[in-house]
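As recorded in TrEMBL, the features of this protein are as follows:
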TRANSMEM  28-47  transmembrane segment
TRANSMEM  133-155  transmembrane segment
TRANSMEM  161-178  transmembrane segment
TRANSMEM  190-215  transmembrane segment
TRANSMEM  250-270  transmembrane segment
TRANSMEM  315-335  transmembrane segment
TRANSMEM  342-359  transmembrane segment
TRANSMEM  405-423  transmembrane segment
TRANSMEM  429-448  transmembrane segment
TRANSMEM  460-482  transmembrane segment
Amino acid sequence: MKETEKVSKTVEKHKTTIDLSVPWNQSLTTITTLAVLICFQIAISLNPHSGESQPPMYGDYEAQRHWMEITFNLPIEHWYVNGSHNDLLYWGLDYPPLTAYHHNLLGVITYKINKRWVELRDSRGFESVAHKIFMRVSAIVPFYIFYLPPLIYALMSSKKTSPVLYPLSLLYPALLVIDNGHFQYNSVSLGLFLFAYIFLIQNWTLLGSMFFVAALNYKQMELYHALPVFVFILSRSINQSQPLGTILKLAKIGVMVLSTFLIIWLPFILTETAKDVLIRVFPFNRGLYEDKVASFWCAFSFVLKRLPIVQNVQIYLSTALVLICSLPSLVSLFLQPSERNFRLSLTTTALSFFLFSFHVHEKTILLATIPALLLLPEYPSLVILFLNISNISIFSLCIKDNFPFALVFFFAYFVVSYSVSVYNREAKPLHILSISIGFLICILEMYGPANQRFPHIYQLANAFFSCLNFLYLLVSFTIAAFEKVKKE
């Protein structure tokens, strides 16, 4: 009897604090959330986009349009090569082949609607209401085709998911603001990654490998997830097979990976321009970071810039730090290749890359927060903090795009997320205090007095503040990865 009570207390202690008995209809919650999501996307789309009416370079909106122009008008061997019709200094293609193929398809559709939108050279900086509607729709449609289905499936298939978590996952503002406001197609690569995750945890390894290669060939930043994917496949292959079976299984996976790469890259191999693509995709000459991003290198630049570190050493140092910070969760994953450890390793490794890797953008925080969404049922407090801080970290980008209204979306998400977590007894006062400080910094970015000596003081304050929180979260998720292994 005493032993039974002891076991009962242990289970009670370790079970998640999310209340799974919330009397909400799962389907109704999903439909309602989708309706709100569509309204959010429309509202965001009505605001300015990156570089709107700002010649000569405009912004990411023009970059996406320009890639449609280039891939539609020029033969494939000129897509990544500098030339008279393709000035690489003017938004030259710098993503892998699947991005180029996607823009080629959009270019064909664009030409059929209005050929002026993709006229070679003459369409530079083109803006009109009709074109803006087309571009906005072109970003929203992939969200519902590639990203939303695997995310909803992953949430529904989780045994610990409560319907109360659906709004937090589907309405995550940073992705919506970056894709539908700033203007990008992150939902494609992130959706392909989520499909790969689903297939891998269900032991459809060949299909999962194919989808991950596709994600990697859409955006090279999917390398952030490559180490956990490799370790997960390797560990499960070893655990589920005899030595000969393991070798055969890994050989099949290798053939699938190489075949997928070959099919995607074949046009560039045949035209002998694969090297040009690689040079564009991996720009080691650009530096450690761009703008005021919440990476370690930017946040602590006021100290690091005083140290005599040459560029070659920076590359090796950043690589070493990424590997050191990723290693604990990767070891945990190798020892226990569970779904939970896979999610933790994907999150911690991607966050390590964001904090310490080379040439980081503000947008790449999505590579860490999207797998973190899958951890919401198990670590709601940490994940909710992570999602809210990630929103705050991209606010400087919103200011740059003349979209300060994004702060309203961020604050609404903060209120909703902590209303949910308070209901489930997960709110932590220090987390709420930290996010509140973040919002104060955002307000200072908008209304703070200008500082002639330090004109970027508020942006740097945001980057420093966000980086400190990300470092705390990296340590917390890493500890979580080892807690379960230690117990087992």
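Cβ atoms here come from the backbone N, Cα and C positions, even for glycine.
Sequence-remote contacts of a segment are chain residues at least 6 beyond its ends whose Cβ falls under 8 Å from one of its Cβ atoms, and for the transmembrane segment (190-215) they are 98, 142-143, 145-151, 153-154, 157, 175, 222, 225-226, 229, 232-233, 236-237, 240, 249, 252-253, 256-257, 260-261, 264, 339, 342, 346, 366-367, 370-371, 374. Here the transmembrane segment (161-178) does not lie next to the transmembrane segment (315-335) in space: the count of CB pairs under 8 Å, restricted to residues six or more apart, is fewer than 3. Highest Cβ contact count with the transmembrane segment (460-482) among the listed stretches 28-47, 315-335, 342-359, 405-423, 429-448 falls to 342-359 (criterion: pairs under 8 Å). In terms of C-beta pairs under 8 Å, the stretch of 28-47, 133-155, 315-335, 342-359 lying closest in packing to the transmembrane segment (405-423) is 28-47.
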